[in-house]
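What Swiss-Prot annotates here:
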| type | residues | note |
| --- | --- | --- |
| BINDING | 17, 18, 19, 20, 117, 526, 527, 572, 616 | 5-methyltetrahydropteroyltri-L-glutamate binding site |
| BINDING | 442, 443, 444, 495, 610 | L-homocysteine binding site |
| BINDING | 442, 443, 444, 495, 610 | L-methionine binding site |
| BINDING | 653, 655, 677, 738 | Zn(2+) binding site |
| ACT_SITE | 706 | active site, proton donor |
């Protein structure tokens, strides 16, 4: 007999990204919707059977999605804005894709829903829009269909839902500054969830998992009452036939645990990775309701390192001192880790044994559950426990003394750039001689099949390095020529040689490991393959200098060097767990600093250091923002560029994030120019820029590159005027909101032509 095991969620893209490939083929018209549905059904069955074979008791269903689970929840509740309903698609999947990607075709022209980061992960969710026209009602059978689908295979699953509290807190009203949680809205949402719970009870469901990750955030006035009022209406629908697990993750719920414990949930899921100390203290202080099971989230759903069984067992034992009702669970959905280490033969066995991807985490979960109920003698005799402990005894990788020496020699002066920004801006305007409202792009240009094929040929040894370089130079030449023709002011080389903005740098730094197939979903069908920080990081040789110098030699325009910043490299990698994030970021900062100075020596006058993921790992509770993150993340960025000349213009770029609350910290990065991804956020960041007297020049994105639609010149011109209402014209740059790598040339160049034309039109009007 072992403790009950529960998986919060499982990756849905497939071991070989089957879901991504079939959906993208459908978007291109190369397959049918029936084929998409068939592939999805095969994947669901495979994933359920894998979990069943691993001995998992509570296997999730309804964790699958074609695009995003928040989007699925919006559709479940009929939270579908009128602009999408008017498209009148025959198939619900088409409506879902239009909401996620936008639509431009014979049925109309609509933008996508806003997209934001899912808490502190690199996953993105679609933001539901609730307005006066929204008619909340049960609108989908997806959760029930997938439960029945698994049941037909002989597997009784645990349906998973995003909870009503989290859904409402993440939704927005596009017609108002804030969503009003009025009684009518709250009752309508609660009624749908109660109806869902009742239907599950009729179907013979034993457990329902309702995810409420928003509970781990700071509470605003009224939040606790909102939560209580929702569940006061939902929980009675159980009627004693079905159990409800309230699942929380990405932090602790110590401030509301007492309330949650008294509401009568059958299970409470606690994250014992990120919220370990606070959650344990709350359980010890307030106890556990008699009929409630605590689901101990001990298997990390956010990183790829092996679980330390001794630590996990200690956490389970601590809970057992309070209650006998303890289940063992993943700390969060396994959506955020790759599928399996199987097939990663590029990693040596003595390296690979330190990693656990989703499939391996199933085995870890089962083994921890068995050991949790074992006697002391059985634990001592356990080969699994001994083998696991051996992974953590001794030193995994030797430290690099040169890296340690360099960090120890840093002084306060290394983190401060001279002269002050206002003086630098004067010198840069004179040196660069750019027009008002200068136009540029964020860095990458579309990577065609031919570009990807050429990289693959080099990797397989089918072409020489010289042949590869010649091909890439031709790509750069064509990209530069096209940028010159449409009239962009600051050019880029296109980044054709880069597979990924993080992996590319990792491949050229000491201390990283790489996988063949460790893909994770970022948004929609977009997947990323993060590198692994294995040891101390340093730069062996220049990385980008040759390409940037070549590009500058091919044009009289200003050429922008393109780098990825240290915080983003760490946040979009699998970080080490044996040293702190601060230590790893400082190592990365010194490596990128060397590259910045070499670019400057090579004649590159504008250098962009992307910190796309800076906001991503900001702690969810404000009291932790500075002491646990910003106090070392911001100085790390300054360390990268502090030694350049005053005339060298330092740019940075930030992706899907909410910046308003840390705008002063962003200004403190001391960059000369920053581009924000802002087009899907309705430019709300402009108010923060205005109110904070933001000193950095800025380019809020004027169109959304994550949608295939082409913005008109007038649309972009209107956007520019919106920006100018809040910003000094001399501090405004005009750019798309992100890199163009994942777009096609067919939409990229017309969009940029409209961008340049709009900027010129505004300049002309301002000159009158």
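Every residue, even glycine, has its Cβ placed from backbone N, Cα and C.
Location within the structure of each feature annotated in Swiss-Prot.
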residue : record                                                : DSSP (3 states)
17      : 5-methyltetrahydropteroyltri-L-glutamate binding site : coil
442     : L-homocysteine binding site                           : coil
495     : L-homocysteine binding site                           : coil
527     : 5-methyltetrahydropteroyltri-L-glutamate binding site : strand
610     : L-homocysteine binding site                           : strand
616     : 5-methyltetrahydropteroyltri-L-glutamate binding site : helix
653     : Zn(2+) binding site                                   : strand
677     : Zn(2+) binding site                                   : coil
706     : active site, proton donor                             : coil
738     : Zn(2+) binding site                                   : coil
Annotated L-methionine contacts 442, 443, 444, 495, 610, maximal Cα-Cα distance (Å, integer): 13
Cα-nearest neighbour of residue 117 (5-methyltetrahydropteroyltri-L-glutamate binding site) within the listed binding-site residues, 495, 610, 677, 738: 677
17, 527, 653, 655, 706, 738 screened against residue 444 (L-homocysteine binding site), Cα within 10 Å - retained recorded positions: 738
Cα proximity to residue 677 (Zn(2+) binding site), best match among binding-site residues 19, 442, 527, 616: 442
Fewest-neighbour residue among binding-site residues, criterion Cβ within 10 Å, set 495, 610, 616: 616
Spatial neighbour of residue 653 (Zn(2+) binding site) that is closest, considering only the binding-site residues 19, 442, 443 and their CA atoms: 442
Distance, residue 706 (active site, proton donor) to residue 527 (5-methyltetrahydropteroyltri-L-glutamate binding site) (CA atoms, angstrom): 13
Nearest of the recorded positions (17, 655, 706, 738) to residue 495 (L-homocysteine binding site) - Cα to Cα: 738
From recorded positions 17, 442, 616, 706, the one whose Cα lies nearest residue 738 (Zn(2+) binding site): 442
Candidates 442, 443, 610, 655, 706 (recorded positions) - the one closest to residue 616 (5-methyltetrahydropteroyltri-L-glutamate binding site) by CA: 655
Residue 17 (5-methyltetrahydropteroyltri-L-glutamate binding site) as reference: those recorded positions from 442, 443, 610, 655, 706 with C-alpha within 10 Å of it: none
